[in-house]
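Peer 1: Questions regarding the structure given below will be posed in turn.
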Amino acid sequence: MEAENHTTVAELIILGLTEDPKLCIVFFVIFLGVYIITLVGNISIITLIRISSQLHTPMYLFLSHLAFVDIVFSTSVSVIMLMELLGHGLVLSVATCAAQLCMTVSFGSAECFLLAAMAYDRYVAICSPLLYSTLMSSRVCFLLLGISYVGGFVNGWTFTGCVLSLSFCGPTQINHFFCDFSPLLKVSCSDVSIIGIIPSISSGSIIVVTVFVIAVSYIYILITILKMRSTEGRHKAFSTCTSHLTAVTLFYGTITVIYVMPKSSYSTEQNKVISLFYTVVIPMLNPLIYSLRNRDVKDALRKAIVRVYS
C-alpha cells in the first residue's frame, strides 16, 4: 500500500565510495591502477597458457577460464566505480543496474564453480594419478566448464529477476559503489520479505555445494599426502595446492559475509570495504597467487621471454 503513495522512479543514483572531491581523485588514481594491473595480469595468464604447450593441461585450462572470469567480474564493477569517482556519483536506469548486477553475480558465481573444479582436478592428480587422463578427459573438463558458466548465469538471472520485480519510489540514492542486491533492497518500496530471501538461498546453495566439493577434495588430498613416504613428493603435492587454497580462502571468506550472513551483522561502510576486496582486489591478486609459487608458470614465462628476444 505504501508504494501507491509514491511516484515510481526508473533511475537510481549510485553515490560511490565517497562524496569528498579530493578523495575521489585519489581513489580514481588508485583503482584505475588496480584495474589496469588486473587486466594485464589476467590477460598475461591467458596468453601464456595458450602459447605454452607445457601448460595445456586441465589445471591450466581451468586457470585460464578463472582469469577470464576475473576480467569480466572486475570490469563489471570497476568501470562503474571509476565513472562514479570521476563524476562524484552516477545515475543509472533500473534496467542498467539490473544488467550490471547480473554480470557481477553470474561471473562471481562462475568463479565459485571453477574453484571447485580446480580442487577436484588437484584431488584426481594427487589421489588417482594413474586414472588422471581418464577422469579429467577433455569431455569432463568442458562439462565442468559448462556447469560453471550455466550455474553462474542461473544465479545471476535469479538476482536480476528479483531486482526487476522491485519498485523504486524514492529516495533513490544507493550508498554503494555498484549495484549490489542488499543496497537495492534498502531503497525499494516493495515488500522485500520474500524477494530478499530468494537470492540468499540461491547464493548460499552454490557456496555450500562448492565448499563441500573443495573440502572433501582437500581432505582426501591431505590423507594421501600424509601417506607419502617421499619428503620431496609431499612438498611438491603441498606446493601445487597452496596457491589454490589461498585463493579459495580469500574469495569464499568475503562472499560468505556479503551474501550469506545476516545484513544486520555489518554496517554499510563495512559492506563497501568487503565488496571492494572481493570485486576489485582479489581479481588483481589471483594472477600473482597462481604464478609466484608455480614452477610450471615460471618456466613457461621464461621460455616465452627467450622466444621473444632470441
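Using the three backbone atoms N, Cα and C, a Cβ is placed for every residue, glycine included.
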Peer 1: Per the topological domains given in Swiss-Prot, are Ser52 and Thr96 together on one face of the membrane?
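Peer 2: In Swiss-Prot, Ser52 is across the membrane from Thr96.
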Peer 1: At a threshold of under 8 Å on Cβ distances, which of 100-120, 134-154, 272-292 pairs most often with the transmembrane segment (26-46)?
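Peer 2: Highest pair count goes to 272-292.
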Peer 1: Among 55-75, 134-154, 197-217, point out the range having the most Cβ pairs under 8 angstroms from the transmembrane segment (238-258).
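Peer 2: Per the Cβ count, the answer is 197-217.
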Peer 1: Express the predicted model's confidence over the topological domain 'Cytoplasmic' (121-133) as a mean pLDDT, rounded to an integer.
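Peer 2: Within the topological domain 'Cytoplasmic' (121-133), the model's average pLDDT equals 92.
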Peer 1: Should Cys97 (disulfide bond) be counted as helix, strand, or coil on the basis of DSSP?
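Peer 2: Reduced to three states, the DSSP call for Cys97 (disulfide bond) is helix.
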Peer 1: Sequence gap of 6 or more, C-beta under 8 Å: which same-chain residues meet both conditions with respect to Cys97 (disulfide bond)?
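Peer 2: Result: Leu12, Ile14, Val163, Cys179, Leu184.
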Peer 1: Summarise the topological domain 'Cytoplasmic' (47-54) as counts of helix, strand and coil residues per DSSP.
Peer 2: 7 helix, 0 strand, 1 coil
